[in-house]
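Annotation source TrEMBL lists signal peptide at 1-23. Here TrEMBL flags C59-C411, C267-C281, C439-C445 as disulfide bond.
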Amino acid sequence: MAIEGALFFLLFLLGPVISPSFAEESFDVRRHLSTVSRYSAARVAINDGFEASKIPDECRVVHLNLVARHGTRAPTKKRIKELDQLAIRLDSLVSDARHEAQGSDASLQRIPGWLWGWKSPWKGRLKGGELIAKGEDELYDLGIRVRDRFPELFNAEYHPDLYSMRATQVPRASASAVAFGMGLFSGRGSLGPGKHRAFSVISESRASDICLRFFDSCQTYKEFRKSQEPAVDKLKEPVLDEVTSALAARFKLNFTRQDIASLWFLCKQEASLLDVTNQACGLFSPYEVSLLEWTDDLEGFILKGYGKAVNYRMGVPLLQDVVQSIEQAIIANEENHIPGTFEKARLRFAHAETVVPFSCLLGLFLHGSGFEQIQREEPLELPPKPPSERTWRGSIVAPFAGNNMLVLYNCPHNSTGNYQNKYYVQVLHNENPIPLPGCGNTDFCPYDVFKERVVNPHMKHDFNSVCNVPLDAKTPQPERPSQPPFNSSKLIKFFRWLLTGKSETHPPSDKVDL
C-alpha cells in the first residue's frame, strides 16, 4: 500500500501540469456523473471500435436473463438533510463575502447569482429515495425496447412461470420492475385505454435475499467496506483540496472541503434529476468535473468492483441463478417441450451494489491480463487519474437503469461460418454487445466455453465460504464439529417464544443502497 500511495501522490502532483483543455462547448456534464448518471446519457456504445458479432440468421433466441438497476431516484432522506445544511452554509458564505467586501462590488460580482438565497429543491421533504418519473420512463422504455428486440421471446400469453420478474424489497427496485413490466406487456392486456395487464413481481425478505441483496447479508463484505471507507476518503482528499482551492480563488468564497463535496453532490442531483447544469455544475470546470467523477469511480471500484475479490465473489448465488435458468432452458429446448410451458425470461431489478459485482463476475471492463488476474484473485491497478483514459467509469458500469442481459441462442449444427456449436450466450451491457475477456473478447460465446472459462472458476466459492470468513483470516479455518441431534439455539428461541410470545427479528439495515 505504501507504493500505491506514493504512486497516487505522484499522479496527483502531475495532474494539474498535464490536465487537458476540455472543449467547453462539447462537454456535457450529464455524462460525467458516475453512478448518478441517467440512462439516456450513459446508453452509448463504449467498446472503442469493438465490432459486435454477426449472429447467423439460423440462430434463434431461446432465453433471456436480465439484471438491472432501478431507475433514476430522488435523493435519500439523509442526503436531503445534507442539502438543507448546504443552503444554510451557502447563505453564511455569501453573507461573509458581503461583509468582507465593505461596499465594494468588484469581488461580489464573482459570486454566481443563484447562490444568493438558494434553497434546496427538496426542502421540506421528509421522505426520499423513491423512483421518480424520469426513472419510471427509463424502465418503461427499456421494457418496450427489449420486447421489440426479442419478439420471439415475448409473443406468448403471459404467465408468471414464463416470464419471471423479481425485485428486492426496496420500493424503488420493485417500482422499477413494475415500470418495466408495463412497457414489456403494454397492449397485451385489457386494463384501461393502454390495454395493460397485471403481472407478478416477486420479492424476497431483505434479511435473506442473497440473490439480489447479497451485499446486505455478507458479513465479510461489511467488515471489508467498513475497514476501507476511511482509506478511500483519504484517497479522495487531495482532489477535493485541489478543487476547493480553485473554487475559493475563482469566486472569493471561503469554501471548505465539505462544501465542495456537498456542491458536487448537488451538481449530480440537479443535472441528473432536474436537467439543471448551469448552477452547482456551473461552478466546476470540465477538468474539475472529471476529477470529481474519478473520485466517485475510484470509490466504486474499490468498494463495489474489482478492488477486492469479496466484492463480487459474494454475488455467486446470482450467477448460479442465471446459469440454472440457462440450463433449464437448454433442457426444455432439447426435450422439445411445448412452447409456453417453460420459462422464456428471468428478469431481475435491484441496485448498483448488485449490477457492479455481477459485471465483475462476468469479467466485463477488463483489458490485457486483467481477466487472468481476477481468476488468480490478484489485485488490479486502480483506475488512472484524468487525463489518462480509463475503462472503469461509473456512468457506464452502473448508471441509473444500467443492466446486463445474457441472451441464449440455439444455433443448428450446420450453421455457416465459424458457428459450429449448438448453444451460444451473447452478453449485452446497457443493451450494447460487449466483449467477454473469458471468451476471447467476443460478445457471442459458445455456452460450453462461457461456462468453463467465465462461470466455473467462481463456482469453487459459495456464499457461506465467502461471507462467513474473518476478513484477516490467513489460514483455513478448522472444520466445525458435526451438527448435534438438535439445534440448541433454536431450542432456546422456542422456549423464549413459549414464555414471552416474542421472537427475534432482524434489525432494519441503515445502509443506503444506490
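Each residue, glycine too, has its Cβ placed from N, Cα and C.
In TrEMBL, annotation is done automatically, which means it is predicted and not curated.
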Packing count at C281 (disulfide bond) (other Cβ atoms within 10 Å of its Cβ):
20
When distances run from the Cα of C59 (disulfide bond) to each of the disulfide-bonded residues C267, C439, C445, the nearest one:
C445
Rounded to a whole angstrom, what is the C-alpha distance between C445 (disulfide bond) and C281 (disulfide bond)?
42
Intrachain C-beta neighbours of C439 (disulfide bond), sequence separation six or more, cut-off 8 angstroms:
C445, P446, V449, F450, R453, V454
Using a 10 Å cut-off on Cβ-Cβ distances across all protein chains shown, tell me which of the disulfide-bonded residues (C411, C445) has the largest neighbour count.
C445
C281 (disulfide bond) to C411 (disulfide bond) - Cα separation in whole Å:
50
C267 (disulfide bond) and C411 (disulfide bond), Cα-Cα, nearest whole angstrom:
48
Here are the disulfide-bonded residues: C59, C267. Which has the lowest count of other Cβ atoms within 10 Å?
C59
